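Colleague: Pasting a structure below so you can have a look.
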């Protein structure tokens, strides 16, 4: 590991052992009884490989974004690097102290005052007393909670709470800083200051690891990015290149799935086809998707469908669940189910639909079953630029009036 | 020079990194401080509670065992006798109970931030000891009131308290770790501690125990530290050397065993909680 390397990861792997529900006692008494009944039986486990053979180096002073689909292993990687959970294989070397912002306000106690919480939280994050004392005013200024320092934080508004918590974490002086999604808190101005703070950290030669679904903050903050796919590194390099690979992989993923879907044998409850009536929609126009589900050879009670509508960055914009309409489907015959999405109005961009077929648990998942585009034709009287609607998650149906 | 950390899979015998514990010692004080602040702020009668609890318990002991059962104490007023027993017993029971529940009640922290997890249960003894000191001051007041003076043996109080905390912490550490996996320990443990109260000479003296039962009581390490505490505060007979040595050895072993159990389970906390 050379002097300029801040993080060096070699062959890192993490395997979770998932015991079958019946084998996994949650009470000591059950465990003892089970052991007495079957003294020789060993618990059987399903193995889940969260990370396999992950290797990469990060130079000191780099701001590295870590991206990937849900379940790609981003959080596991961060948990290992912050030592919350140990790896199963491989090793990681870190040059310097690691400060982590995995969740804003962990360790804040509602009954303690703002001042007491700053000290408690700072200590937990690895700051020393002198360090906190020295930067105390700075932290308070940044949070803007100055006049409420001696009020228990349970009386804080949620905005103040989050700002104070972030302010503590943002003033960590560790050589390596690990951040998970926390920049999405607070109002626009606070977010801007937070991103700036993180940029400064990198500019000062500190190494920043940033995990997010919000690709625009990754671009804003990071110079390099690492793309994880099913537990392995699938791309690593300049942030623009990796983001392009990521966007392409999302589209590719859908094609691959469509092919494997067709090969599922008959008689297994499965979504075999998913279509959209049009490939591009206007933002405010109703969107219709159709799902074909094959019959089950041994029908096992009715099921329901739940769909996630995701934007291009992977954020879930809406969830549509057939149970909310009182609709359950029978598995004894093939079903063709339609989903009509009228609201909300969607912002221009590319969207995907994930389908979940469920009974008590999930029976079948199809990520990115449908991909569709929403055109740049705003449903408003006057055409505006992105500046006038870009901040929101969706487009609202609204009117201003004068009285 | 920045510290250099290597993260790898845990080995079979997974002892804590002592230097890391020492580095993070401030976390222990902060946790302790938090517990104390919360207890004395949340309940208006916070301080009163710490004083009232042993006094009422000792009063009940004096009434039931002293007046009703008329058990002997070797000439010491029963109330005082019961108070000293309760004092040390409270240290034991509170340490076990608070340490055992500490991980589960701090689960948000354990699964989100890294710091040596051992500090969570260890820190519970800070507030227990503060409570003890308050009650001890009252205890000295009672000694003066009843006109009892134990002599230089009073200087050994810290020894008995330390042994008692070590013994309790060993049990508490193991229970805390196991409770992460099996939550029903939370129901079993207080009952076990309560049972132990009557199986230890807290409310009664050894001399009140029939000869046939005495060997069992003498095999209880808590008996040894209780006898030591009574010697230190009440000037009763000093415990024999084998008990003192035994108390040191057993407390040390229990603490170490608790540590090993804790460390063994430690690696899976974040995945389980």
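Note: Cβ is positioned from N, Cα and C throughout, glycine not excepted.
The model shown is predicted, which means the values in this text are computed figures rather than measured ones.
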Colleague: Between the candidate ranges B:185-206, B:207-228, where does TrEMBL place the transmembrane segment annotation?
Modeller: B:185-206
Colleague: Which residue range, B:18-37, B:78-97, is the one TrEMBL calls transmembrane segment?
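Modeller: Going through B:18-37, B:78-97 one by one, TrEMBL flags B:78-97 as transmembrane segment.
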Colleague: Answer yes if the transmembrane segment (B:118-146) and the transmembrane segment (B:185-206) have at least three CB pairs under 8 Å among residue pairs 6 or more apart in sequence, and no otherwise.
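Modeller: The answer is no, given that the two segments have fewer than 3 Cβ pairs within the 8 Å cut-off.
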